[in-house]
Structures are given as C-alpha cells and as structure tokens.
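Data first, discussion second: the structure below is written as structure tokens.
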Amino acid sequence: MKLDLKILDARMRDYLPAYATTGSAGLDLRACLDAPVTLQPGETTLVPTGLAIHLADPGYAALILPRSGLGHKHGIVLGNLVGLIDSDYQGQLMVSTWNRGQTEFVLNPFERLAQLVIVPVVQAQFNIVDEFTESDRGEGGFGSTGRH
C-alpha cells in the first residue's frame, strides 16, 4: 500500500516513519521538536510529528498507538489512549503525550514517540429492528463469560 505523505518540517526528511523490523505492524513516529520537552508526572502535551498523511480511501484508517517500552519503562502513554486518523484527514499528525509515571520525563527532539498502524475499516449501515434474533449470550456483558 502506498500512502501520500506530506513533510511539514524539512528536518523530518531524515526521520521518516519506518518499520523497525520486517515483522513490525507499526511505523515509528518521532517528536518534531526544537528543544527537549519535560513532562512532569500527570502532565499532558500535544507533540507535533512534522508530518501529514492522506489515506484517501474510506476503506482504511490509521491508528496512533503508544510504544510499549515508553509506557512500561517510563509511564509515557497517549493522552487519548488511541489516536484515530480518518481517511479524509489531511492535517499534521499530532501525538497526545501523557506522563502517567511518578517521575519527570524528558522527550528529546526526533525521539521515537508513538507508532502508526494502518487498518482496514468497514463503514456500517444500520438496519432498524424491534427485536434481535436471540443469541446464546443475549445481553450478558462485563464478565458474564467468566475469567477462566
């Protein structure tokens, strides 16, 4: 799949999104910063990537997801948990960055911050009904199938 990528900050030409390994599902996104940013515990900031994409095809969307090492080792996760990039969005990719850890975290310019995953999308249409055809599960939810 080929995507249209617009470089909004010329410095990002050296830091294009890339798969870290041949089996990677996510493309690494980097922080397009002029100087280091310090996030205090509990603080959230919006970090630019210096890049924009246009998927164009409504059969696809992109997800911005956290990098597992930053979350596990430093408590750095996404403030909105998952960023959803619609196929018709053409603005800069931004990363809502939240320090849920107990210590301050310094984010350096061009550091890998998040990952971008392209996913297929089905746009559903609704069929209005008065009743559902009964299933084995019915309305059971929130633990109704047990833990083991």
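Each residue, glycine too, has its Cβ placed from N, Cα and C.
Listed features, source Swiss-Prot:
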BINDING   ARG67, SER68, GLY69, ASN80, LEU84, ILE85, ASP86, MET94  substrate binding site
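Sequence features, as recorded in Swiss-Prot, placed on the structure.
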residue : record                 : DSSP (3 states)
ARG67   : substrate binding site : coil
ASN80   : substrate binding site : coil
ILE85   : substrate binding site : strand
MET94   : substrate binding site : strand
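Burial estimate for the binding-site residues (LEU84, ILE85, MET94): highest at ILE85, by number of other CB atoms within 10 Å. The record assigns ARG67, SER68, GLY69, ASN80, LEU84, ILE85, ASP86, MET94 to the substrate binding site, and the maximum Cα to Cα distance across that set is 26 Å. Of all Cβ atoms in the protein chains displayed, 11 besides its own lie within 10 Å of the Cβ of SER68 (substrate binding site).
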